[in-house]
Amino acid sequence: MNNIRKFPKISLIFLAIVFLWIKTYISYNVSFSITIDNAMQAFILFINPLSFLMLIFGVAMFIKKENIRNIYIIVVSIFSTFVLFANMAFYRFFNDFITLPILFQTSNFGDLGGSAMETIYWSDTLYFMDILVLIAIAKFKPSFIGYSKPSKIKKSTYFLVTSAVFFFNFSLAESERPELLTRTFDREMLVKNIGVYNYHLYDIYLQTKQSTQRALADSSEMVNVNNFVKAKKVEPSSDMNAIAEGRNIILVELESVQEFVINNEMNGEVITPFLNELTNHPDTMYFDNFYHQTEQGKTSDAEFLLDNSLYPLPRGAVFFTHSGNEYQTLTKSLNAEGYYTASMHANSKSFWNRDIIYDNFGYDRFYSLPDYTVGEGQAVNWGMKDIPFIEQSVEHMKEIEQPFFSKLITLTNHHPFYLDEEDKFIEEFDSNSGTLNRYFQTVRYTDEAIKVLFENLKESGLYENSIIIMYGDHYGISENHNTAMSKYLEKEITPFETAQLQRVPLFIHIPESGVGGVNHSLVGQIDLKPTIENIMGINESDNSIQFGQDIFSENQDQFVILRDGRFISKDLVYAGQTCWDKETGESTDIEACKPYIERAKEELANNDKIIYGDLLRFYDLKSGNLKEPKSSEPKLEENINLK
Ligand code: GP9
Ligand code: MN
């Protein structure tokens, strides 16, 4: 017995830190695909959970009562494990880390249903094992566990070491990645360098900063933003001006449909027969270099781009975080032209905060789940199947007054891409990714739904007097499936290829117009609003604060900026911090990309200024001037003419 006592006793605090440290490190390697390029990065990854864990568990030393101290240690373990686990489940689905605004979107998490279950496995219960061990130790108090009240000196030394670990970690990270914290684009880089827990602290800090930003923003910031926007303006195409004036607009956001499936086959089977035919239709303009520019807000980001010709945010979903801002939307300009405006989507109305923001955007009506009858066998995966959704949406369109703008959002082709047997028109693909294998089938199903849309529109008599615009909202296959994608595309998926895979199809179909052809222009979702306004003969764009350009304009920039700072120009692609030669697909001298990198940064920064500062509240769209300050506000010396 005496011999055993000679061993120093282990405190529960120490054990809890070690358990979580090991667990976090294992999950970095097993659950997140964090790329490590050198030994230094591997070392930083290893030590990065430590400073936070030492700090948060160290607090236990100030708790005198043993029971309360143990409860604190266990609660902190559960909480930290939950943070880790939530990130892991989220990462499997979105290939990204959680940010605070996303966490508050509980209404969305509730609806994730099948997708959430897909991302959680039985083996995940292992993540909580150490907590059981801690509880058992706290209860049964085995003899090797002990705790002697630390002296003041010991406590001070402990926290000194903790901050030393933090600064050591931070300086290594800073030498590895200069300006780490000023570049908030890349969450993976943050987690890799400062650890998943510190990353969340940083995120909380950023969010707080955001709320302050609006409060502090003032109208003078609008002057610079406006100069930038005006310099970007191009004359819209006169050939296309008012070509669809007065027609109904039927716009379809095609859930997760990427460009690579169009005019392509999978194991000898055509994936999108109807859409393929449409690309050759004499009344269709098809764009094969059209990029999505969405971020964490996915479908809602695509909607945001459409209505505002502004970029969504680098983090969180702008539909949630800035739903109260003032916006100058496409919907509002259509309302002003006497259009009835409706969004149609058979999901609960609060998903992505749509019910709130649609009101703000000016939609007259939102046809959401209660406006649809989902019969037996008519739901799969995330909800109502596309075919009955389309059929009933056309019925709604028959009822509403013309001219109308109806935006339909499909749903069946959504991760995890499940289908009922009777809706499978083609076989699965055969790769190591069930997700990609099933994707082809659900895309094929959506293609069938679009065929039904055209048939029903023709039957209803709405077809001739409408314009049909369709585009993919964002990618469906994330980088997690690169091995499978590489098998399908028969090439290595480099960051260059990944950037190119952000193309989604865009169709502009004007029945009996004779305006058609395949267009290779480099364009993106940001360009939809000015393009649609020009086609419809609306001149609202003249003063609009927007970053897009008319797709048909001869002076189009041919430069697409993705939301995370990647870009695609005529000759270059910037992706994965590497400059790529577009023709060869090989990396090239970064110097060639530098001016464009700056340009993209400036554009995104101006965009974010508008959203964070809610700057459009200071701007009068009609006059293109700053709004007259309210009499209660101090008057500017002179009203700055922004033109
Ligand atoms: C939800 C649907 C899908 O209503 O739009 O959203 P996503 O997950 O693609 O953003
Ligand atoms: Mn979507």
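The count begins at 1 with the first shown residue.
Cβ from N, Cα, C; glycine included.
Every protein chain considered, the tally of other Cβ atoms within 10 Å of the Cβ of Thr299 (active site) stands at 24. Under the DSSP three-state reduction, Thr299 (active site) is assigned to helix. The active site annotation in TrEMBL covers Thr299.
The feature Mn(2+) binding site is assigned by TrEMBL to Glu255, Thr299, Asp473, His474. Every protein chain shown contributes to the tally, and the Cβ of Glu255 (Mn(2+) binding site) ends up with 25 other Cβ atoms within 10 Å.
Annotated substrate binding site per TrEMBL: His414, in sequence order.
If you look up TrEMBL, you'll see 247-538 marked as domain 'Sulfatase N-terminal'.
Taking Cβ pairs closer than 8 Å, the transmembrane segment (12-30) reaches residues 45-46, 49-50, 53-54, 57-58, 60-61, 69-70, 73-74, 76-77, 80-81, 84, 88, 127, 130, 133-134, 137-138, 145, 147, 195-197 in its own chain, all 6 or more past its ends. Summarising the annotation, TrEMBL assigns transmembrane segment to 12-30 (among others).
Residues or ranges marked as transmembrane segment by TrEMBL: 42-63 (among others).
Marked as transmembrane segment by TrEMBL: 70-94 (among others).
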Fill in the blank from the handout: Cα of Glu255 (Mn(2+) binding site) to Cα of His414 (substrate binding site), in Å and rounded, measures 6
Fill in the blank from the handout: Residues outside the transmembrane segment (70-94) whose C-beta sits under 8 Å from one of its C-beta atoms, at least 6 past its ends, are 12-13, 16, 19-20, 23-24, 27, 31-32, 53, 56-57, 59-60, 63, 102-103, 112, 115-116, 118-120, 124, 127-128, 130-131, 134-135, 138, 196-197, 200, 296, 415, 478, 480
Completion exercise
Those same-chain residues, other than Glu255, Thr299, Asp473, His474, found with Cβ within 8 Å of the centroid of the Mn(2+)-site Cβ atoms are Glu253, Leu254, Ser256, His292, Thr294, Lys298, Ala302, Ile409, His414, Gly472
Exercise for the section: Take the C-alpha atoms of His414 (substrate binding site) and His474 (Mn(2+) binding site) and report the distance between them in angstrom, rounded. Expected result: 11
Completion exercise
Here the 10 Å Cβ neighbour count for His414 (substrate binding site) comes out at 21
Exercise for the section: Determine, to the nearest whole angstrom, how far the Cα atom of Thr299 (active site) is from the Cα atom of Asp473 (Mn(2+) binding site). Expected result: 6
Problem - Under 8 Å by Cβ from Asp473 (Mn(2+) binding site), same chain, sequence gap 6 or more - result: Glu253, Leu254, Glu255, Ser256, Val257, His292, Thr294, Lys298, Thr299, Ala302, Glu303, Ile409, Val504
